Amino acid sequence: MSVALSNTKADRVVMKKSKKSFLTDIKQNFYLYVLVLPGVLYFLIFKYLPMVGVVVAFQDFNVMKGIFKSEFVGLKNFEYFFTSKDWLIVTWNTVFLNLLFLFTGLFFAILIAIVLSEISSTSFKKVTQSIVILPNFISWTLVSMFVFALLSTDIGLINSILKTFGFIQEGQEISFYSNPDLWVGILVALKIWKGAGFGSVIYLAAIAGIDQEIYEAAKIDGATRLQCITKITLPQLRTTVVLLTLFGIGDIFQGDLGMIYAIVGDNPNLYHTTDVIDTYVFRMLRQMNDISMSTAIGLYQSLVGLLIVFATNQLAKKYDSDSAIF
């Protein structure tokens, strides 16, 4: 009995000490906590609080009745989606496009970072870095206007150039907006152009953190620039690459609605290769106003994405424990 009481007292002492140490830490790092606060509030308000609405996926939601009074229908919303002819197409398009975006973006981000790190002129390096990062700050709506100006059948720059140089005749114009097979490459190219430069910033910072003495020792031993890149730079980037890949894998079921809807729009001719889960949900909301179905599909995306992250993390932990997220 006395042992149990002593253990309880010890636990209380530990709890008091932990509370004091936490409060002391806040006082010592007050401004750091203030900087973190907006991010914490963002996740609480826009990520965790909306989780209450997950119950809508199992209801025939009625706005007038609200969440707590709407009729419970079980898995009916999921059944409707998984028995439709579109679910396999939009799921495949989402995963396929995101994998292409992830790995091509990864490759070009690393390539840009390595090229920038090899530039010796500081002023030229800053100008080049600004140029490759700039597209990230251009909205997809504005990009869509440029794309239309390039690809339009009647007034597009590409068709005009081809006709000017005699590669095609009048009436033989390439109809980009009715050929779905062309759009996988177009979307991937646009994603690389817009995001690879900004994505290279993290890799550039990682390269800057590599001990320069390693490079100097390699040069003394007669290593070329290419050998320094392949034998030193790339191996040192492995942990960063794996971590960012894991973060990207988490969004593998989340289609880029802003990009695809701005560039492609509501074009049924291109649905076969460009219609992803998010554009499908958005179209369903506008046409059918079915909130329950949209929530069910969103839950499906989140759960599958979570499982993929867990599986990928376990795989990363198996080969390199330092690269795992948890």
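Quick reminder: no glycine exception, Cβ is built from N, Cα and C everywhere.
The domain 'ABC transmembrane type-1' annotation in TrEMBL covers 91-312.
Look at TrEMBL and you will find 30-49 (among others) tagged as transmembrane segment.
Sequence-remote contacts of a segment are chain residues at least 6 beyond its ends whose Cβ falls under 8 Å from one of its Cβ atoms, and for the transmembrane segment (95-116) they are 125, 128-129, 132, 184, 187-188, 191-192, 195-197, 199-204, 206-207, 229, 233-234, 237, 241, 244-245, 248-249, 251-256, 274, 276. According to TrEMBL, the transmembrane segment annotation covers 95-116 (among others).
Here TrEMBL flags 137-162 (among others) as transmembrane segment. Sequence-distant contacts of the transmembrane segment (137-162) (same chain, six or more residues past either end, CB-CB distance under 8 Å): 168, 173-177, 186, 190, 194, 258-259, 262-263, 265.
Per TrEMBL, transmembrane segment is recorded for 182-206 (among others).
For the transmembrane segment (241-264), the residues of the chain that approach it from at least six positions outside its boundaries are 91, 93-95, 97-99, 101-102, 106, 110, 139-141, 143-144, 147, 183, 186-187, 190-191, 202, 270, 274, 276-279, 282, 300-302, 304-306, 308-309, 312-313, 316, 320, 323-325, judged by C-beta separation under 8 angstroms. Look at TrEMBL and you will find 241-264 (among others) tagged as transmembrane segment.
Annotation source TrEMBL lists transmembrane segment at 291-311 (among others).
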